[in-house]
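For reference, the structure is listed below as structure tokens.
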Amino acid sequence: MKNLNKNTKIIVGLSGGVDSSVTALLLLKQGYQVEALFMKNWEEDDKGRYCSAKQDLSDAQNITNKLSIKLHTINFSVDYWNDVFTHFLKEYKKGRTPNPDILCNQKIKFGAFLKHAISLGADKIATGHYARIAKKNGTYQLKTGLDNNKDQSYFLHLLSQYQLSKSLFPLGETNKIDVRNIATENGFVTAKKKDSTGICFIGERKFSEFLATYLPKQQGNIVGEQGQFIKHHQGLAFYTIGQRKGLEIGGGFGKSGKPWFVADKCIERNELVVVQGDHTLLYYQTLNTSKPYWINTPPTLPMTCNAKIRYRQQSQSCMISQDNNKQLKIIFKQPQRAITPGQSIVFYDNETCLGGAIIEYR
């Protein structure tokens with residue numbers, strides 16, 4: 001941002017939360033021409049019990065009124081359904097566990113949103129993500145946010161050079177505590193607003209309850225590591241690798257009182273394999289991927305780097321190689337717990353996010 005002209009028009013993705021509120025304030029204080037754009041990505045149910053779009057819009061209006069900046073609104077519900085949600089459902093039907101937030105960033109927040117912002121005259125867009133962008137040798141790099149607990153580069157690893165060139169992350173060099181303090185000092189209604197968790201279209205519902213409205217139940221067996229029948233499940237889509245909560249396996253099974261976890265899904269037999277405690281079947285040292293994406297020039301393989309198989313995981317050392325189909329094979333230095341097909345593995349070189357791929361199998 002240091003090299004930007006003060007006449008630069010920046011449109012902030014204002015969600016009605018504290019992070020985007022402070023983002024708008026910081027840019028305004030730096031003298032830029034700031035406007036805001038609130039986007040709606042999901043049509044609520046008639047009772048409005050789950051989605052908070054109305055309240056979020058009200059909070060966004062409150063912030064823009066306080067800052068005396070213009071607020072635009074746009075409905076991307078159709079785009080979200082076509083580009084994100086349909087893929088989400090297809091993956092769950094296959095028994096996989098997708099991450100819609102990553103696709104939403106690529107297709108909606110830095111896709112449809114960016115395009116619309118430019119049509120409104122924006123030179124750049126800004127969001128409240130905790131990440132950083134650097135330019136080196138004529139190309140843009142995605143860097144981790146300085147607040148390790150809030151770093152969101154994992155969700156942004158599919159951004160293109162063009163998307164990075166048009167984006168700003170003012171919160172990348174700050175931390176959440178300071179952001180809330182700034183919001184409080186400026187009397188923002190969002191100062192103490194709870195951070196959004198989970199997926200926007202699910203809201204406060206149980207995930208299985210939401211999924212059941214779109215996917216038919218398909219009863220199968222829950223079995224132990226030796227194939228012994230334990231109970232029935234209502235569909236593999238309602239479970240994910242490593243899951244503990246919701247299995248509801250009583251005390252009449254197993255040799256100990258240790259909790260049960262999902263270790264595997266057998267799609268062909270429609271079986272859910274469960275184990276007790278910190279079982280070895282929960283750990284794998286290798287995985288294979290599809291759809292590799294590199295933010296900058298693809299590296300020479302094989303190579304050693306760090307990787308994360310889920311958000312907020314501590315980076316893990318690994319070796320990346322390429323198979324005959326040009327897909328990536330990952331070997332970790334240490335076995336990893338609950339490697340989950342459909343999720344993303346994201347690669348790092350210290351604080352630089354290199355890119356990522358989709359986990360296919362272990």
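Here the Cβ of each residue, glycine as well, is placed from N, Cα and C on the backbone.
Listed in Swiss-Prot for this protein:
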type	residues	note
ACT_SITE	C104	active site, nucleophile
ACT_SITE	C200	active site, cysteine persulfide intermediate
BINDING	G13, L14, S15, G16, G17, V18, D19, S20, M39, G128	ATP binding site
DISULFID	C104-C200	disulfide bond
SITE	H129	site 'Interaction with tRNA'
SITE	Q343	site 'Interaction with tRNA'
Checklist entry - Using DSSP, would you call G13 (ATP binding site) helix, strand or coil? => result strand
Item to check | Euclidean distance between Cα atoms of the residue listed as 'active site, nucleophile' and G17 (ATP binding site), Å | outcome: 18
Item to check | Minimum Cα separation from D19 (ATP binding site), reported as the residue among recorded positions C104, H129, Q343 that achieves it | outcome: H129
Checklist entry - Cα distance, the residue listed as 'active site, nucleophile' to G13 (ATP binding site), nearest Å? => result 13
Item to check | C104, H129, Q343 filtered to the recorded positions whose C-alpha is within 10 Å of M39 (ATP binding site) | outcome: none
Item to check | Span of the ATP site, taken as the largest CA to CA distance across G13, L14, S15, G16, G17, V18, D19, S20, M39, G128 (Å, rounded to a whole number) | outcome: 16
Item to check | When distances run from the Cα of S15 (ATP binding site) to each of the recorded positions C104, H129, Q343, the nearest one | outcome: H129
